[in-house]
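Record features, source TrEMBL:
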DOMAIN    43-417  domain 'Amino acid transporter transmembrane'
REGION    1-25  region 'Disordered'
TRANSMEM  74-95  transmembrane segment
TRANSMEM  120-141  transmembrane segment
TRANSMEM  172-189  transmembrane segment
TRANSMEM  201-221  transmembrane segment
TRANSMEM  241-261  transmembrane segment
TRANSMEM  282-300  transmembrane segment
TRANSMEM  330-349  transmembrane segment
TRANSMEM  369-387  transmembrane segment
TRANSMEM  393-415  transmembrane segment
TRANSMEM  427-446  transmembrane segment
Amino acid sequence: MGIGDGSSNGSQQSARKEIRDETTPLLPVKVEEEDGFHEFNGASFSGAVFNLSTTIVGAGIMALPASIKMLGIIPGILMIIIVALLTEASIDMLVRCSHQGKITSYGWLMGEVFGQWGRIALQASVIINNVGVLIVYMIIIGDVLSGTTSSGVHHRGILEGWFGAHLWNSRPIVLLATALLVFAPLVSFKRLDSLRYTSALSVALAVVFVVITAGIAIIKLFNGTVAMPKLFPELDGLNSIWNLFTAVPVLVTAYICHYNVHSIDNELEDRTQIKPIVRTSLVLCSSVYIATSFFAYLLFGEGTLDDVLANFDANLGIPFSSVFDDIVRVSYAAHVMLVFPIVFFALRLNLDGLLFPTWRHISRDNKRFAIITIALLTVIYLAAILIPSIWDAFQFTGATAAVLIGFIFPAMVVLRDSYGIATKRDKILAVTMIVLAVLSNSVALYSDAMNMFRKKEVA
């Protein structure tokens, strides 16, 4: 994360070079604006839960049904629960160490424990992870509004279905319009709590998606038109076992929210609330993940696509099928649009902290704020045009940066135990997380590489 905040007193040159005061919040309680001071009395419990839940429930939910298809119902749901428990444990490690050392950012914590290179490693990981996730968000929006092609089959987008194929509703134009008209205004806020209402709406839209998907699946189940899903994976050789590990990065990415925990913690009226906030958010998000994965896989079976939203372009076998198709896709596209600024907030903060570690806080430098924001939006937009699949993006970020942010770095902080608060249980859990993370993601990367080579040989 950004390494803290600082004063803007003095000349312009000294303001840029000043060292940030590490004891201040990630964003100041009072931010001096041209027209005076604006009081901020702290974020509420519900606002913090919505912001953290929105950070968690992003695009990962769309790839989870494909993970369940690969793992089977029982192992898949167990994996969702296990990753949620490990996520709670890793966040608890970060929060306890940060409170003990009176530290207000993840980057600062890594810097205190491992020095400058620890801070840089964390910031670089957050940048890689969040850029990947935001590219996925744009890919999903493009899939929903403009359509996508999978395995030679074209799945029409909403605009294409309503108006036919035209230049104005092509993927590049639609994503450009979304970036300018939706993302640009939302990412202009300088305080995370300013997004609490859009976060609440995004969680509600995710619930709408789950409820409709579950309702359709239950109706078809009673009508006897749903095939029995597989409870366990089908294994027919060593390669099929290796392939199971490719679902692990997707599950890991679905829970990565660590980069925003300190921002939320710093803005709370009562910082002791952060632990129940994290627990509440994880319970809510895990429930949404399990319900979505189970009912979407039940509904589409082995035809479940990497981005399950692309499945909602055909006849669902119920009355008003096309209406429900559109409601599901529009609601989740809107959800993703509202999640985007939450993830972007941490991305911009970490990039600024990496490039300008001793300059005044980005929230007090409008020119730097605008330049970094525009540059990031441009890179994400161009990448979303070039990368064809959300599974490809998830595999890379989940197997590399996400696992570092979510599990390896928190475990390393506990094992170093700079503040003398780690218990024997903490250290055993930390070692377990590192071993599981390294082994599972190494196998996932190996399996992905082998699959890519096989595809090239077939081609």
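Even glycines carry a Cβ here, placed using N, Cα and C.
A contact between the transmembrane segment (369-387) and the transmembrane segment (120-141) is present, since 3 or more of their C-beta pairs, 6 or more residues apart, lie under 8 Å. Most Cβ pairs under 8 Å with the transmembrane segment (172-189) belong to 120-141, among the candidate stretches 74-95, 120-141, 201-221. Taking every recorded stretch in 74-95, 201-221, 282-300 and counting its Cβ pairs under 8 Å to the transmembrane segment (330-349), the highest total belongs to 201-221. Touching of the transmembrane segment (282-300) and the transmembrane segment (74-95) is concluded from the presence of at least three CB pairs under 8 A, sequence neighbours closer than 6 excluded. Within the chain carrying the transmembrane segment (120-141), a Cβ under 8 angstroms from the stretch's Cβ atoms is held by residues 1, 58-59, 62, 106-107, 110, 114, 174-175, 178-179, 253, 256, 259, 307, 309, 332-333, 336-337, 339-340, 343-344, 346-347, 350-351, 353-354, 376, 379-381, 383-384, 387-390, 393-394, 396-397, 400-402, 404-405, 409, all 6 or more beyond its ends.
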